[in-house]
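First up is the structure itself, then whatever we jot down about it.
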Amino acid sequence: MAVSPEYMPENPIDFRAPPPSPIASGRRSSVTNDGVLSEFLEHSLRVPDLFLPDNFFPKQKIVETPPRIDCQSLNSKESNSVLKTLDSIARIGCFQLVNFGIPSEFIKLVSVMAAGIFQLPSEKKAAVMKSPEKPYGFEEVHGDQEAENELSEEFVWSKDESLKLDMERIWPTGYSNFSEKMETLSSDLGNLAAKILQVLRENCPRKSKYANDMMQRQDLTGPVCCLYKHRRDIPADRLASSLGYDVFSMLIRGNDYSHALCLHICDGSSQFHVYSKKGWVSFCPDKDALIVTVGDQTQAWSGGQYKQVLGRPIFKGEDEDNISMAFLYSPPNTIICCSKTTKGKALSLGQQAILAIILTLVYHLLVYFYKKL
């Protein structure tokens, strides 16, 4: 009987690392090499002290007060007033408007009523916060902005029906009356802004050939007003840090709403700051003056002749909280499209498909009757 060979299990292949190479006698020892490596890593991984260049952060410049433009002389197209207006917005992007026909008592009444919005409890404000889907309401604060929120608060008003319903739920006793007054004020300011814009358009030395199209795409859905509550007795060091924060946030974020002109109501402010990519300037506004700043739409149709700026009033040493308002004006399409060239109407993809089906049916019917005949 044959004996089967005994089963021998296969030995796994043994992979072993090669032995270390010996250090040459002429080289330093491994301990010495480790010291050099450690010193190199210590110097290489050290975080350097970084300093921003001076021209990165826009320096504040104190400029002479912009000219006071009488609205009545602007309406009569007096050459001197028009030239002063054009020169002021070309230099610093704004000018002051006086004698504009809106009673100061009515403006103060609206400001007093607006203060009631910011007196609502925090939990009620949280129900009407701004969002990408709802661009109106209270400005939500995140992270580092919480400290800045102690200095000022913001509420964005519009004639949006959903905002009105939300605000009437949390402020049923006062919002309807306030919104009615705001609609009257925004209508008056809108008519005023339309006259100013017409004067600028008629006297602009250069215009973009795409101005009408750009302004039409940027049209706002109704009037928009940003209301700000400025807190009193702000320490000087906190106010300075807040202004620096505002410069960065406003220049980076810009304005959330495209507009042609912005009309600022800030009676009682000690300074007015104007931010732009060219710099940061400030001046002392006159009493009862309306500050008019240039928006992105005006920059578009002027071909860059007038640069967009962002404005903010500053209140110092006040005994009580102050309210300021910034009305954003965008002209309606009926005004913008008056000089727009006529273009052929293009068919949509769905209309083309329906037309193709109809032509196919007509073709088959013609073929059918032709065969019958």
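Note that Cβ sites are derived from N, Cα and C of the backbone, with glycine treated the same way.
In TrEMBL, the annotation region 'Disordered' applies to 1-30, one of the ranges 1-30, 61-90, 121-150. Here the transmembrane segment (349-370) has no long-range neighbours, meaning no same-chain residue at least 6 beyond its ends has a C-beta under 8 angstroms from one of its own. Per-residue pLDDT, averaged along the domain 'Non-haem dioxygenase N-terminal' (67-172), amounts to 85 for this model. Note on the domain 'Isopenicillin N synthase-like Fe(2+) 2OG dioxygenase' (265-331): DSSP counts are 6 helix, 30 strand, 31 coil.
Sorting the domain 'Non-haem dioxygenase N-terminal' (67-172) by DSSP state (H, G, I as helix; E, B as strand; all else coil) yields 55 helix, 18 strand, 33 coil.
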